[in-house]
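> One structure is given below, represented as structure tokens, and several questions about it will come after.
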Amino acid sequence: MAVLPLLLCLLPLAPASSPPQPATSSPCPRRCRCQTQSLPLSVLCPGAGLLFVPPSLDRRAAELRLADNFIAAVRRRDLANMTGLLHLSLSRNTIRHVAAGAFADLRALRALHLDGNRLTSLGEGQLRGLVNLRHLILSNNQLAALAAGALDDCAETLEDLDLSYNNLEQLPWEALGRLGNVNTLGLDHNLLASVPAGAFSRLHKLARLDMTSNRLTTIPPDPLFSRLPLLARPRGSPASALVLAFGGNPLHCNCELVWLRRLAREDDLEACASPPALGGRYFWAVGEEEFVCEPPVVTHRSPPLAVPAGRPAALRCRAVGDPEPRVRWVSPQGRLLGNSSRARAFPNGTLELLVTEPEDGGTFTCIAANAAGEATAAVELTVGPPPPPQLANSTSCDPPRDGEPDALTPPSAASASAKVADTVAPTDRGVQVTEHGATAALVQWPDQRPVPGIRMYQIQYNSSADDILVYRMIPADSRSFLLTDLASGRTYDLCVLAVYEDSATGLTATRPVGCARFSTEPALRPCAAPHAPFLGGTMIIALGGVIVASVLVFIFVLLLRYKVHGVQPPGKAKATAPVSSVCSQTNGALGPVPSAPAPEPAAPRAHTVVQLDCEPWGPSHEPAGP
């Protein structure tokens, strides 16, 4: 009993004499090596055959290496709460997907290696939270798209960006221009075809720019390039020098690259791909005088165009030059035209006015410009009065009033023009439809001598079954036309118009000649031919029947012959078989009996038996004397 009070007295002193216990640490993932004995903590799992990020990671780790594994995705929870992580390597895995916000807790991360994976795009939320990131390695992926806001959180801190060996055709150049602290920018081995002017003008700390092996035909001058000496190789170059690499591009060596040719550079492997005269030559061996451009030349423009108000109009202008000229349009009022609610400008030099107005009439100017100069061409557009209102699916056959010829509707507006109506009645202008059959009809109209300057006639018609208007252009000297390919058993509405040149306005106009309605005859329905399989089956059955009948007849004949020539009862001879007795009297002496003449050979008979009854020869049978 005396021991218990002693233990109670010593119990308060026990914690003071025990050493402090370290904080509990997570177990090291299988096949990984963990450094947890001293700071900084690290988890090293290279080549461990991992299929996903281990869930038992020590969240206090400052370095995590998961390279050379088979990780296919990075989920939101995989790296959660790793606020002290400084270096993360996910190189050479099979990562196809990175969840939005997967790195949101890695606010202290300095380096992120995602090279050698299978990423196809990088969105705005996938790199969110990396506010201290300095090195971002995305090379050797399959990136085809980079979102404009993908680098927003690390734009002010990023120093090294590697996008090489991807499938990038376009880049968010405005976003790249905000990387003010970037030192190295790797864009090599992509599919970039152009770089906008001034794309690198704000990258004041840029020391190396690699654009090797892209599809660049030209490199625009940039203030950054003119401010720093360019050297092909960094060896021996000053610290402030910019290293620019652009070999392996199909450079078009014309006057746009003279600025680059004038810069002092060490030996490099750039070569010209075009024009043909310079193709394959070493870039730095081509003299400056050979970097020439050709001024633009307008090769095609639209002829004077006349359209009624409210209709669309298309103005075209084509030009050639080196480099390819850019075509712009100037309105008759002197305004530079572009895409708007009423007009659309296309890169090929076409200007489309969606709805023309009277004030649009005048001279439009086409301007083709390139680095060597510019060329202009004028296109006249006349906007006439709007056409008279037309009923739906109808074409008026009334003649226009004097001095108001209706403008010829352009083919592009044919669907919006007046159509032949279902209620058109034959007029008194002499348009007749004769000799109409099931699929053809002959149209005749009188001579239009009162209308001068007729260029051609136009026949337009449609059937009662559809609203598609069909046009036929007829020479001016014709007075009839045979319509073919008509549908049988349908009613057609038809109008004939005279196309002529109006002397007052100089425009092409139309005047109705007349309209008519006719019906095609119904087609005779031919007898349906028997189906081929049916014919084949019938022939087989008939042939089989003939064969069976022949066999039956043959068997019947055999049976009949057997019955007629069959075996007779014994003791009777056939009546039809004459037999001469061989027992005859020959002058009372025995001698050889002459045989009867041999009968003519008869048809073979099966199993024919002939029995002859011969009485014994003796004295009692001698014939009586005379």
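Just so it is clear, glycine is given a Cβ too, placed from its N, Cα and C backbone atoms.
Predicted, not measured: the structure shown is a model, and the values here were computed from it.
Pasting the feature list from Swiss-Prot:
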type: TOPO_DOM; residues: 17-539; note: topological domain 'Extracellular'
type: DOMAIN; residues: 19-59; note: domain 'LRRNT'
type: REPEAT; residues: 132-153; note: repeat 'LRR 3'
type: DOMAIN; residues: 249-295; note: domain 'LRRCT'
type: DOMAIN; residues: 295-382; note: domain 'Ig-like'
type: DOMAIN; residues: 308-395; note: domain 'Fibronectin type-III 1'
type: CARBOHYD; residues: ASN339; note: N-linked glycosylation site
type: CARBOHYD; residues: ASN348; note: N-linked glycosylation site
type: CARBOHYD; residues: ASN393; note: N-linked glycosylation site
type: DOMAIN; residues: 425-523; note: domain 'Fibronectin type-III 2'
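Thinking about packing and proximity, how do these listed features fit into the structure?
Across the residues of the domain 'LRRNT' (19-59), the predicted structure has a mean pLDDT of 80.
Look at the domain 'LRRCT' (249-295): DSSP puts its residues at 13 helix, 9 strand, 25 coil.
All protein chains shown were included, and the count of other CB atoms within 10 Å of the CB of ASN339 (N-linked glycosylation site) stands at 10. In the three-state DSSP reading, ASN339 (N-linked glycosylation site) counts as coil.
ASN348 (N-linked glycosylation site): 9 other CB atoms within 10 A of its CB, across all protein chains.
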> Per DSSP, what is the residue tally for the domain 'Fibronectin type-III 1' (308-395) in helix, strand and coil?
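Once the DSSP states are binned, the domain 'Fibronectin type-III 1' (308-395) shows 3 helix, 46 strand, 39 coil.
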> Below 8 angstroms Cβ to Cβ, which residues of this chain, lying six or more residues outside the repeat 'LRR 3' (132-153), approach it?
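Sequence-distant neighbours of the repeat 'LRR 3' (132-153): 91, 107-124, 126, 159-172, 174-176, 179, 186.
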> What residues elsewhere in the chain lie close to the domain 'LRRNT' (19-59), defined as a C-beta under 8 angstroms and at least 6 residues from its ends?
65-75, 78-79, 81-82, 86
> How long is the line from the C-alpha of ASN348 (N-linked glycosylation site) to the C-alpha of ASN339 (N-linked glycosylation site), rounded to the nearest angstrom?
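With distance taken Cα to Cα, ASN339 (N-linked glycosylation site) is 14 Å from ASN348 (N-linked glycosylation site).
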